[in-house]
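Student: Quick one: the structure is below, and I'll ask about it shortly.
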Amino acid sequence: MGSLGMYSESGLTKKGSSRGYDVPEGVDIRGRYDEEFAKILNKEALLFIADLQRTFRNHIKYSMECRREAKRRYNEGGLPGFDPATKYIRDSEWTCAPVPPAVADRRVEITGPVERKMIINALNSGAKVFMADFEDALSPNWENLMRGQINLKDAVDGTISFHDRVRNRVYKLNDRTAKLFVRPRGWHLPEAHIFIDGEPATGCLVDFGLYFFHNHANFRRSQGQGYGPFFYLPKMEHSREAKIWNSVFERAEKMAGIERGSIRATVLIETLPAVFQMNEILYELRDHSVGLNCGRWDYIFSYVKTFQAHPDRLLPDRVLVGMTQHFMRSYSDLLIRTCHRRGVHAMGGMAAQIPIRDDPKANEVALELVRKDKLREVKAGHDGTWAAHPGLIPACMEVFTNNMGNAPNQIRSMRRDDAANLTEEDLLQQPRGVRTMEGLRLNTRVGIQYLAAWLTGAGSVPLYNLAEDAATAEISRVQNWQWLKYGVELDGDGLGVRVNKELFGRVVEEEMERIEREVGKERFKKGMYKEACKMFTRQCTAPNLDDFLTLDAYNYIVIHHPRELSKL
């Protein structure tokens with residue numbers, strides 16, 4: 001992968017390299033040794049990961065080069081669009097394999113990181129599905145990744161528990177739990193704690209490989225009714241990337257001796273190029289697919305990134321870029337039509353609100369916003385939706401149940417053939433709205449706070465009554481970068497000033513003072529707010545836009561992470 005050069009052998013501590021771990025030839029573990037971790041990182045599991053890495057690394061490298069080539073085209077004025085070469089796939093009649101009975105009903109799904117208490121609460125939440133996240137809701141330090149694998153194994157085994165010493169309460173699984181999906185990292189992210197043949201492993205192959213190796217048999221027996229495990233696949237930009245996943249699944253099934261098509265996955269459509277590839281993505285995964293999901297926050301981030309060299313496509317304040325914008329509604333409608341035509345789920349987007357326990361009026365206002373958003377989704381034809389907090393499950397469930405009745409989904413009842421005429425212009429239409437100083441301030445304040453939390457090991461962060469993950473920081477970063485690069489006028493609040501480095505510097509200074517007031521001096525001093533501020537500011541003011549904030553930040557947690565947390 002093209003992004004791996006920064007994680008060279010000289011850049012990582014050699015202390016304890018593979019010490020204590022029984023590793024196969026060509027595999028080197030750079031994370032600290034732990035007896036519990038060693039049970040996950042046994043020789044057989046590492047052989048499985050090494051086989052996946054060696055089999056698919058050249059395909060992955062080629063796909064990442066294709067991403068860079070597409071970026072060059074867009075930066076030279078090109079636009080993403082439907083591929084004429086695959087028109088036959090879009091136009092012909094075919095369907096994906098039938099949806100497994102275990103996941104026919106997905107009307108509300110909850111998401112969260114692979115932390116022990118979170119897993120128990122999410123599985124007990126009353127949602128139909130829990131998506132356990134190794135990606136945007138997790139800071140991928142060594143402890144988080146390995147403990148996440150241990151937690152998931154215990155969850156699949158049914159033995160997971162958690163003793164909250166502060167509340168003196170023990171958490172255990174209920175008799176009835178949500179179905180478990182797991183989201184590995186995207187293709188672009190390395191796993192720099194594990195080297196295979198002298199280069200960092202591919203992060204998603206480590207996440208997928210360890211989880212599948214240790215859990216496929218128990219999962220199929222206890223959760224999947226003969227199917228599974230189930231996955232969510234993030235950040236893809238082209239069907240060639242889905243084809244790699246399909247090949248990974250087939251190889252894993254063959255090595256495990258289970259039936260082809262057992263593994264099932266939902267793909268997040270969260271990049272602008274992927275919206276033109278939805279039929280092709282489903283086609284590549286047709287034996288392993290259980291639908292597509294509207295990853296709307298990352299989709300907005302991708303819109304800015306794709307059009308970084310297009311000054312005629314500037315975004316308004318990000319709070320104005322909702323699902324009522326024409327390009328967002330078109331994306332949602334086409335996703336529903338595509339999925340239902342191919343016989344799989346069309347999943348709606350995230351409700352990120354957190355219950356406001358100390359303000360009932362504000363809480364009801366927030367819940368009403370959630371209900372309206374979910375009503376729009378179910379009436380449009382979505383088969384289910386996402387929530388970030390257990391407190392939102394009843395409201396979301398009520399809306400979907402009231403409109404779907406006893407049907408587990410709307411795959412056959414909401415064809416959305418009216419969306420067949422949506423054009424490239426519909427999907428690329430510039431969003432409307434104003435740009436304000438408050439928009440610039442909010443981006444800066446939220447971006448710095450999220451990054452500070454990420455650097456200290458937290459990937460899902462409550463900020464201003466919303467559960468934020470990496471997507472929020474990415475939108476904030478790229479929008480600030482876009483406004484700075486093109487010197488946009490803040491036309492929405494009567495100020496009429498243009499964004500430049502001097503103005504941005506003042507905003508950063510003032511927002512850091514506000515953050516210190518809000519979190520308190522002691523927490524501010526102990527946290528990594530200053531480091532996060534430097535990194536976020538550098539990213540916003542760089543002459544060229546980095547593809548992912550987390551790639552830059554990952555370099556920091558692998559090499560410089562506090563010793564008591566990472567033990568590198």
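Each Cβ is built from the backbone N, Cα and C atoms, and glycine gets one as well.
According to Swiss-Prot, the protein has these features:
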- 1-20: region 'Disordered' (REGION)
- Arg183: active site, proton acceptor (ACT_SITE)
- Asp469: active site, proton donor (ACT_SITE)
Student: Helix, strand or coil for the residue listed as 'active site, proton acceptor'? Use DSSP.
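Tutor: The residue listed as 'active site, proton acceptor' sits in a strand per DSSP.
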Student: Run through the Cβ atoms and count how many others sit within 10 Å of the one on the residue listed as 'active site, proton donor'.
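Tutor: Counting Cβ neighbours of the residue listed as 'active site, proton donor' within 10 Å gives 25.
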Student: I want to check the contact list for Arg183 (active site, proton acceptor): same chain, sequence separation of six or more, C-beta distance under 8 angstroms. What comes out?
Tutor: Thr111, Met131, Ala132, Asp133, Phe134, Glu135, Phe231, Tyr232, Leu233, Pro234
